[in-house]
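Undergrad: First the structure, which I've put down as structure tokens, then a few questions once you've had a look.
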């Protein structure tokens, strides 16, 4: 049977469920597919067990169990990630294995916000998940409506505390299990939730609409023509004759792109996703090196000091066998290159164990083009021992 063609007519959005263990994230994911499959026979219902027994994947050497579910509403196509274990969520969010354009925060009305609720909301803020919609689950198990009001207030306060618009974002009250069991009043709440997701999680900006950026992978001298740098265009587009900046390692310089080449053919412009060679005016082979980036003027700047949200690989994942302490000095791998840096541990933390997640302050020995949300790896002698996301730039 031929594979069904991916329908590009509907805009695509990536979402995920977050929240405390046993608050009903996976049950909700299953319930969404069940209710939507009633409206649209093309949508596959995914049972709780099929989502809960998610296969383990390796993302940059880190083992993460993630279930990928897809469904659509009248207006959009969604890819939805759900993780069986708490550690899987942490790894997923920090490594960006599954980028989320928005999250559905699941809180059991029977419990209210719990430690992992807070941890997931904080991480969502740190790694740049931009929008949150709340589903108060298990409302069928709470007889006193005032108790649900209190839980809703607590959730809104928690979101405010971590920089989300807690007073304004939608909170839907429901029962994922009730909906999964086909109870009409709770099925209607799943429809209400998906309407809230449709309305409150905006379409992400497409990579091609963002300012041009290409990490430099290789440099060639072409006699009589000049210097060509190659790499994969990460975002935006670049036209022949455009001025760009070379950012990272040294003083930022301006140059003009005098040629764009792909597969030995000359092009007028290079687009996000293209593996391209760019000919640069007035630049010698020694003026550029791997790890610098070419970018639209003023769109990105070089820095050495930043805060990062980091997951340290466990021994089983091929990470360190021992903890590290203050003054830890590994390599930090950004885009295409390693730069040495020193890590400062949070106040009151003596050491960091393999398998931990931790907020580090890092100072690099040379400046790198960076911005909040950029992912990086931590390496020792070419071996990955950690993964992180920049949560704040200091200097």
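From the backbone N, Cα and C atoms, a Cβ is placed for every residue, glycine too.
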Undergrad: Could you tell me which of the ranges 11-18, 19-26, 27-34 is annotated in Swiss-Prot as region 'G1'?
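TA: Checking Swiss-Prot against the ranges 11-18, 19-26, 27-34, the region 'G1' one is 19-26.
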Undergrad: In Swiss-Prot, one of 61-65, 66-70, 71-75 is tagged region 'G2'. Which stretch would that be?
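TA: So the range that Swiss-Prot calls region 'G2' is 61-65.
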Undergrad: Which is it, of 50-53, 54-57, 78-81, 82-85, that Swiss-Prot names as region 'G3'?
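TA: The listed stretch tagged region 'G3' in Swiss-Prot is 82-85.
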Undergrad: Select from 129-132, 133-136, 137-140, 141-144 the stretch of residues annotated by Swiss-Prot as region 'G4'.
TA: 137-140
Undergrad: Hey, which bits of the same chain come close to the region 'G4' (137-140), Cβ under 8 Å, at least six residues off its ends?
TA: 23-24, 27-28, 106-110, 148, 173-178, 186
Undergrad: Give me the long-range Cβ neighbours of residue 139 (GTP binding site): same chain, 6+ apart, Cβ under 8 Å, in sequence order.
TA: 109, 148, 173, 174, 175
Undergrad: Can you name the far-off residues of the same chain, 6+ from the ends of the region 'G1' (19-26), with a Cβ under 8 Å from a Cβ of it?
TA: 48, 51-52, 67, 82, 84, 86, 105-108, 111, 113-117, 120, 137-138, 176-177
Undergrad: Please classify the secondary structure at residue 86 (GTP binding site) using three-state DSSP.
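TA: Once the DSSP labels are grouped into three classes, residue 86 (GTP binding site) ends up as helix.
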Undergrad: Counting every protein chain present, what is the number of Cβ atoms, excluding its own, within 10 Å of the Cβ of residue 22 (GTP binding site)?
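TA: There are 13 such Cβ atoms around residue 22 (GTP binding site).
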